[in-house]
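Asks: Per TrEMBL, transmembrane segment is recorded for 84-101, 113-130, 181-200, 230-247, 259-281.
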Amino acid sequence: LGGGPGVCSLPPRKPRMRLKTDTSVVSRHGAVKNEDTFKTSPFHFDLWFYFTLQNWVLDFGRPIAMIILPLEWFPLNKPSAGDYFHMAYNVITPFLLLKLIERSPKTLPRSMVYVSIIMFVMGASIHLVGDSVNHRLIFSGYQHHLSVRENPIIKNLKPETLIDSFELLYYYDEYLGHSMWYIPFFLILFIYFTGCFTPVEEDSRMPVPALLLMGPSSLYYWYLVTEGQIFILYIFTFFAMMALVMHQKRKGLVLDSNGLFLFYSFIITLVLIAVWVVWLWNDKILRKKYPGVIYIPEPWAFYTLHMNNLHAAKESL
């Protein structure tokens with residue numbers, strides 16, 4: 001309408017504001033950010049330190065605490081100190097793994113991470129029960145370097161169907177529990193590893209704290225692989241890491257400090273396993289316990305076979 005006198009004119013329309021969609025925002029389904037693909041994270045010294053410390057104390061240290069502490073404090077029909085260590089491990093480790101995933105410069109598949117964490121807790125909890133009973137049997141003369149049916153304290157059980165029950169317990173402890181525990185564990189580490197690449201060569205260096213932590217971390221992985229009898233799972237994870245490194249190198253990407261720490265720790269672990277196997281290569285008793293193509297004795301089997309005998313010989317002098 002014209003703007004003459006006496007004529008009512010409409011106010012000019014405000015131009016519509018077009019909403020700009022930010023494609024870098026993560027969708028509710030966990031889509032990958034466009035802007036964070038090549039961001040680099042500093043070395044997570046706090047997380048790797050806590051991770052290594054609690055692994056040594058709560059995992060490796062639990063059977064040691066059970067043996068060292070007086071039996072009167074933790075009767076055989078009650079949870080041992082090692083069981084409480086295991087309970088703490090089952091809570092702290094998933095928390096640290098989630099924190100590690102959160103610090104990845106790349107947005108990782110959340111659904112896979114959550115399912116892996118759930119399976120990890122289930123497997124570690126199953127292992128808690130089986131491992132608790134198996135380690136308590138040491139006080140009754142159980143020998144880990146022998147199979148269940150070859151153990152003297154098991155042979156004389158009546159009725160004989162009780163032996164089947166102990167074999168079932170051993171299956172839950174050494175096979176089902178370990179599988180549900182370690183497969184998600186290594187899967188989460190590998191998922192995190194996929195986000196540890198950068199195009200900046202200067203970021204592909206490890207600080208001094210990383211070098212100091214590498215030894216204890218590698219030694220723990222050696223214990224984890226040998227005691228858990230998961231060499232195949234470990235070596236497949238390591239090969240997948242190597243393949244990913246070579247694939248990303250073709251794109252001009254290199255590992256950042258966190259990726260180098262994890263990758264080098266796995267390499268040192270492989271060297272330690274090789275030394276362990278060579279050292280015990282001619283042990284006929286352990287060879288009988290581990291007759292397969294892959295011969296990797298468990299440290300606790302070695303302990304009950306050789307160290308227990310050594311302690312008994314010292315006590316008899």
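Glycine is no exception: its Cβ is also placed from the backbone N, Cα and C atoms.
Predicted automatically and left uncurated, TrEMBL annotations should be read as such.
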Asks: So which of 113-130, 181-200, 230-247, 259-281 has the most C-beta pairs under 8 Å when paired with the transmembrane segment (84-101)?
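Replies: Highest pair count goes to 113-130.
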Asks: By Cβ distance under 8 Å, which residues at least 6 away from the ends of the transmembrane segment (181-200) in the same chain are close to it?
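Replies: Cβ under 8 Å, 6 or more out: 38, 40-41, 97, 100-101, 104-106, 108-109, 112-113, 115-117, 119-120, 123-124, 126-127, 224, 228, 230, 233-234, 237, 240-241, 244, 248, 252-256, 258-259, 262-263.
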